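Student: Would you mind keeping the following structure in view while I ask a few things?
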Amino acid sequence: MNTVVIKCGGSILNELSPSFFASLRELKEKKANIVIVHGGGPEIGEMLQNLQVSFEFVNGLRKTTAEVLEIVEMVLCGKVNKKLVAMLQTHQLRAVGLSGVDDYLLEAKPIDLEQLGYVGEVKKVNEALLQKLWSDGYIPVVAPIGMDENGQKYNINADAAAAAVAKAVRADQLLFVTDVPGILREGEVVKEATVETVQEMMKDGTIYGGMIPKVQAALESLVDSLEEVAIVSGKTTFYSIHGLHGTKIKKGVGVYK
Ligand SMILES: Nc1ncnc2c1ncn2[C@@H]1O[C@H](COP(=O)(O)OP(=O)(O)O)[C@@H](O)[C@H]1O
Ligand SMILES: CC(=O)N[C@@H](CCC(=O)OP(=O)(O)O)C(=O)O
């Protein structure tokens, strides 16, 4: 059966279009197993500002003190996760909201406690839990908070969490749904890219900011069985009779390290 991992960026969560949900229903009709991993960077930033808690990004990752972690968890697992689950439900898609803490869905370990605080990376994914939800027809919706064996929680970049889930479930497809129609170069969507062309676009500055962790996660996930990753817009349908819209990143000839 087709397994599709969808990363929904915080940039697009409030602008997901009815046609995005229609594309999901189409996938469900084709009996695909779908799991959604969501972000929420802008909402976390807003809440931290409202609560006057200062924060900084180190290499694209939010440095996470114990105080920041508490707010990140509150926003991702409470507000954002339930908002997305509610939207899916009202678009006739049966969804269950979880975080990586639930039944150790995302077992995590710290990346660099000194530099980044409680920022984690995925050590292990509880694939069996996803399989159980799929067999009952649900779309699991995952907030990227992980936990280690001592109960310490970690803030995980959502692009990296989605890539880890895709690897663990040996996904057929990994889609990054965001607020742009794909990788743009001189105002045009790059329809197909290889590992090498993506690396070039990172070097020459075509790819910058929030697109960097996304393509890095995409390239890392192409190492295993996954042959293709796509970056698509949540403002439109991502499938049509012409196939997938957006940028497809294929393995190509280069090897990503
Ligand atoms: N070459 C590029 N093509 C398209 N978007 C790019 C590119 N380089 C950087 N970006 C930026 O990346 C953003 C998407 O990343 P981000 O805001 O982190 O989204 P998300 O919340 O979906 O993870 C775009 O809105 C755009 O500002
Ligand atoms: C460690 C780290 O940076 N975590 C992210 C988690 C949310 C996220 O990745 O959201 P987007 O996909 O919307 O960017 C953060 O705190 O913003």
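Counting starts with 1 at the first residue shown.
The backbone N, Cα and C atoms fix where each Cβ goes, and this holds for glycine too.
Residues or ranges marked as substrate binding site in TrEMBL: GLY40, GLY41, ARG62, ASN155. What TrEMBL records for 2-232 is domain 'Aspartate/glutamate/uridylate kinase'. Annotation comment: TrEMBL describes LYS7, LYS214 as site 'Transition state stabilizer'.
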Student: Taking DSSP as the reference, which of helix, strand or coil describes GLY41 (substrate binding site)?
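Tutor: The residue in question, GLY41 (substrate binding site), is helix (DSSP, three-state).
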Student: Quick check: which same-chain residues outside GLY40, GLY41, ARG62, ASN155 lie with their CB within 8 A of the centre of the substrate site CB atoms?
Tutor: GLY10, GLY39, ILE44, GLY45, VAL72, VAL75, LEU76, PRO144, ASN157, ALA158
Student: Name the residue among the recorded positions LYS7, GLY40, GLY41, ASN155, LYS214 whose Cβ has the smallest number of other Cβ atoms within 10 Å.
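Tutor: It is GLY41 that, of the recorded positions LYS7, GLY40, GLY41, ASN155, LYS214, has the fewest other Cβ atoms within 10 Å.
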Student: Using C-alpha atoms only, work out the spacing between GLY41 (substrate binding site) and LYS7 (site 'Transition state stabilizer') and round it to an integer in Å.
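Tutor: Here the two Cα atoms are 13 Å apart.
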Student: Please report the distance from the Cα of ASN155 (substrate binding site) to the Cα of LYS214 (site 'Transition state stabilizer'), rounded to the nearest angstrom.
Tutor: 16
Student: Going by Cα-Cα distance, which of the recorded positions (LYS7, GLY40, ARG62) sits nearest to LYS214 (site 'Transition state stabilizer')?
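Tutor: With Cα distances computed to LYS214 (site 'Transition state stabilizer'), the winner among LYS7, GLY40, ARG62 is LYS7.
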Student: Whole-number Å distance between the CA of GLY40 (substrate binding site) and the CA of LYS7 (site 'Transition state stabilizer')?
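Tutor: GLY40 (substrate binding site) to LYS7 (site 'Transition state stabilizer'), Cα-Cα distance: 11 Å.
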